[in-house]
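> This is the feature table in Swiss-Prot:
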type	residues	note
BINDING	Trp38, Gly40, Gly42, Asp65	Ca(2+) binding site
DISULFID	Cys39-Cys61	disulfide bond
DISULFID	Cys60-Cys99	disulfide bond
ACT_SITE	His64	active site
DISULFID	Cys67-Cys92	disulfide bond
DISULFID	Cys90-Cys127	disulfide bond
CARBOHYD	Asn102	N-linked glycosylation site
Amino acid sequence: MHTPKHAIQRISKEEMEFFEGRCERMGEADETMWGTKWCGSGNEATDISELGYWSNLDSCCRTHDHCDNIPSGQTKYGLTNEGKYTMMNCKCETAFEQCLRNVTGGMEGPAAGFVRKTYFDLYGNGCYNVQCPSQRRLARSEECPDGVATYTGEAGYGAWAINKLNG
């Protein structure tokens with residue numbers, strides 16, 4: 001593909017730094033999806049009970065954000081997350097997908113569909129399953145003190161590409 005000469009403009013180093021800074025700030029500002037406090041790479045909530053305009057969708061994201069996970073670079077259940085993104089327990093991923101499918105009505109339903117497609121089909125970081133060898137679980141909890149995790153592998157092209165390029 002050839003770019004026409006009239007579409008190319010030389011700019012100064014200062015102008016380039018201005019535009020680079022602007023792009024970086026845009027990325028920081030867009031960490032959560034409009035209408036939500038929890039859907040995205042961060043959260044904007046001041047406390048656990050705060051939800052955005054699309055409260056049903058936001059509730060799904062909030063629950064998912066507080067689910068069992070292994071942050072990038074950390075080890076849990078004998079499994080080290082060497083990827084760029086947080087790795088989630090497969091039970092959490094299943095519950096998150098079902099929650100998003102249950103969000104219907106108005107514009108909130110299509111927004112939940114967008115989150116679901118983006119998260120699972122594009123991002124698709126994969127997840128882990130925990131086996132509890134002793135079959136002994138802590139009282140009133142699903143935690144397994146001697147659990148061992150196995151990774152399912154990336155499910156979406158985006159996560160696969162990012163993890164390969166950064167690894």
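All positions are counted from 1 along the displayed chain.
Positions of Cβ are set from backbone N, Cα and C atoms, glycine also.
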> Can you check which residues sit near Cys92 (disulfide bond), meaning Cβ under 8 Å from its Cβ, same chain, 6 or more apart in sequence, and list them in order?
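Within the chain, Cys92 (disulfide bond) has Cβ neighbours under 8 Å at His64, Cys67, Asp68, Asn69, Cys127.
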> Would you mind checking how many other C-beta atoms are within 10 angstroms of the C-beta on Cys90 (disulfide bond)?
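Excluding its own Cβ, the number within 10 Å is 18.
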> Between the binding-site residues Trp38, Gly40, Gly42, which lies closest to Cys61 (disulfide bond), Cα to Cα?
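Going through Trp38, Gly40, Gly42 one by one, the Cα closest to that of Cys61 (disulfide bond) is Trp38.
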> What does DSSP assign Trp38 (Ca(2+) binding site), in three states?
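Where Trp38 (Ca(2+) binding site) sits, the three-state DSSP reduction gives coil.
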> Inside 8 A of the center formed by the CB atoms of Trp38, Gly40, Gly42, Asp65, which other residues of the chain have their CB, for the recorded Ca(2+) site?
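Leaving out the recorded residues gives Glu31, Thr32, Thr36, Lys37, Cys39, Ser41, Asn43, Glu44, Cys61, Arg62.
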> Under a criterion of Cβ-Cβ distance under 8 Å and sequence separation of at least 6, what residues of the same chain contact the residue listed as 'N-linked glycosylation site'?
Asn56
> Counting distance between Cα atoms, which of the disulfide-bonded residues Cys60, Cys90, Cys99 is nearest Gly42 (Ca(2+) binding site)?
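Closest candidate to Gly42 (Ca(2+) binding site), judged by Cα separation, is Cys60.
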> Helix, strand or coil at Cys127 (disulfide bond), per DSSP?
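Strand, per DSSP.
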> Give me the count of other Cβ atoms within 10 A of the Cβ belonging to Asp65 (Ca(2+) binding site).
19
> Could you give the Cα-Cα distance between Cys90 (disulfide bond) and Cys60 (disulfide bond), in whole Å?
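Cys90 (disulfide bond) to Cys60 (disulfide bond), Cα-Cα distance: 15 Å.
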